[in-house]
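Database features (TrEMBL):
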- A:6-27: transmembrane segment (TRANSMEM)
- A:39-62: transmembrane segment (TRANSMEM)
- A:68-88: transmembrane segment (TRANSMEM)
- A:108-131: transmembrane segment (TRANSMEM)
- A:151-180: transmembrane segment (TRANSMEM)
- A:192-211: transmembrane segment (TRANSMEM)
Amino acid sequence: MTGATWAALAGLGAFHGLNPAMGWLFAVARGLQERRRAALMAALPPIAAGHLASVAVVAALVSATRSVTASTVVAVTGGVLLVGFGLWRLLSDRHFRWAGMRLSAAQLTAWSFLMSAAHGAGLMLLPVLLAEPAAAAGPHSGHLAAAPAGALTGLLAAAVHTVAMLAVALVVALLVYEVLGVGVLRRAWFNVDRLWAGVLVAAGVVTLIGAA
Amino acid sequence: MTRWTPDPTFYPSPALAATAPPEKLAYVAAFDRAGQRPDAIAVLDTDPDSGSYGRVVGWTELPNTGDELHHFGWNACSSALCPTAPHPHVERRYLIVPGLRSSRIHVLDTKPDPRRPSLVKVIEAEELGERAGYSRPHTVHCGPDGIYVSALGGADGQEGPGGIAVLDHTTFEVRGAWEADRGPQFLAYDFWWHYTQDVLVTSEWGTPSMIEDGIVGELLLGRRYGHAIHFWDLAKRRHVQRVDLGDQYQMPLELRPAHDPTKSYGFVGVVISVEDLSASIWLWHRDGDAWAVTRVIDIPAEPADPADLPDLLKPFGAVPPLVTDIDLSVDDRFLHVSCWGTGELIRYDVSDPFHPVRVGSVRLGGIVNRTPHPAFPDEPLAGGPQMVEISRDGRRVYVSNSLYGTWDDQFYPDGVGAWVAKLDVDPEHGGLVPDPRFFPRGEEFRGLRVHQTRLQGGDASSDSYCFP
């Protein structure tokens, strides 16, 4: 992968990290509820783990598939998927439903996994991964044996993405907890979901054009 | 379509909500006791700078008759900012208005014209019955994952169990009954929660046959009305604990948990003790791993000449206070208690919830006293302060005077009338002063009786907060 690809993956991670719905706000709520910063800090790793799992599933699947299938097929499928999911997110008023706030670390991971999946966090990486030349290009390229190596690339991409996400989430959570206060939500909580849905559609279109 | 920034009426914490601007309008549930004319949502002008301040400036009639509007609530509130299922870009826009007698639930849109809410949907009694198994919908709270509506009765003519139905946030369709395991709970009335602690609390009134034709003396003296509150696991939807107040304490109704999500206590008002006709306020609180209740306020009955009493009360020679509504200010400092029988609204400082201090009182109406509004001393008032609502900043308190059609008739047999009073909080002494400019009454309500008031943008009993 090129430096630009890594940067793009990290950038998307930062974007996810900024979104209050993706986890940092939950971490802040836990810190405030228990009146200690340690509760905030303890909440972030499970949230990041859930996000990683959600993104890694998609990334590994895409990279592995690309290693064995003609890239045009993957690109077209991915592009259609992105446009469809983005449009659905854009047009549907439904929001993620979850009742219960006293979660164990495992439950918190599960919550983060579902939240990320519902927002199409993994799908977001599709255009970046598809812009790359197929992984494991070598003697085994195009064979099933290339799949594991491809999947590994995908996992690495997900990991880089999640580290960036966690770093940004940590900074924002601490900033809100220590300095800004939750009142900032009233002004600064831009509707990322709607923007995100639009970006997904655009990314899908770009992917489709690239495949053509 | 959602907004780009959060609805400005959503506040992350109660402290921030207390800084909200004053309400410009209030919505009041109005019902026709005879069930011959449609019930309505009346809109009051609460802007003191307006020429129509204190008057009815809007009136939306419902399509049917006999609904008996009672309590109602918003489609969304500050709980939309809760981090587990955030959706802060929806709008606080729709009033969810149940008919307690008809079991219909109405959805009114306040956005196109806040002074003239328009009906956008009616959920028929059949849908509520088929999907959730309930009837007689009552309390509405905007939950983070749906709209929760408590209901007193069962479906298909069944007396119970009553419980909670969940409506979809977007389509307002009935998703189903909330309870996964109701344990011993059968009677239902009010509910609210300690949301961040995964705790939901419910109270008990009676089944439809116990209330719809009036209070039944034999059932009351037989201690058959509700006398317990229930604690539930909000995430698992399971019953956790039933706490009995003692069967002499009949009808624990309104539940007012602390707004501060880090606090684990709340207040519940009990209408009447069958031993001495007194009313009481109880505090629920944690006791180790369990929940416990402590009686923190007793309000005694007032002796009266039987000749001045309705038939129901003549044998007792006293007026019971009949605490039928209580309301806790958003800062959790002041509890307001409606004594609908004696015609008094009492304000307590509950900064120390275990030791309330009485800091103010206003007398209006009452079964015997018939105290007039100080600005209209020639008009004796029937009914008493009943539904009480507090502005988010805690400076204004609104009271309306009807309890429930058939019960009004028993306690105020010569007619309960209709009035809404506004009380200003005296910033120096903390007491309450009736506003002489705000007293819509009688014909302004077109012959209908008035029940719950909701303030535009939210009030002390409309919102839940996930951040301290």
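Every residue gets a Cβ built from N, Cα and C, even glycine.
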| query | So which of A:6-27, A:39-62, A:68-88 has the most C-beta pairs under 8 Å when paired with the transmembrane segment (A:151-180)? | reply | A:6-27
| said: I'm a bit unsure how to read this: which one of A:39-62, A:68-88, A:108-131, A:192-211 has the highest number of Cβ pairs shorter than 8 Å with the transmembrane segment (A:6-27)? | reply: A:108-131
| task | Find the member of A:39-62, A:68-88, A:108-131 that has more C-beta pairs under 8 Å to the transmembrane segment (A:192-211) than any other listed stretch. | result | A:68-88
| Looking only at residues six or more beyond either end of the transmembrane segment (A:108-131), which have a C-beta under 8 A from one in the stretch? | 5, 8-9, 12, 16, 19, 21-23, 26, 43, 46-51, 53-59, 62-63, 66, 71, 74-75, 78, 81-82, 85-86, 89, 96, 98, 154, 157-158, 161, 193, 196, 199-200, 203-204, 206-207, 210
| When you scan the chain for residues with a C-beta under 8 Å from the transmembrane segment (A:39-62), skipping those not six or more beyond its ends, what do you find? | 16, 22-24, 26-28, 30-31, 33, 74, 78, 105-106, 108-117, 121-123, 125-126, 129-130, 151, 154-155, 157-159, 161-162, 165-166, 169-170, 173-174, 177
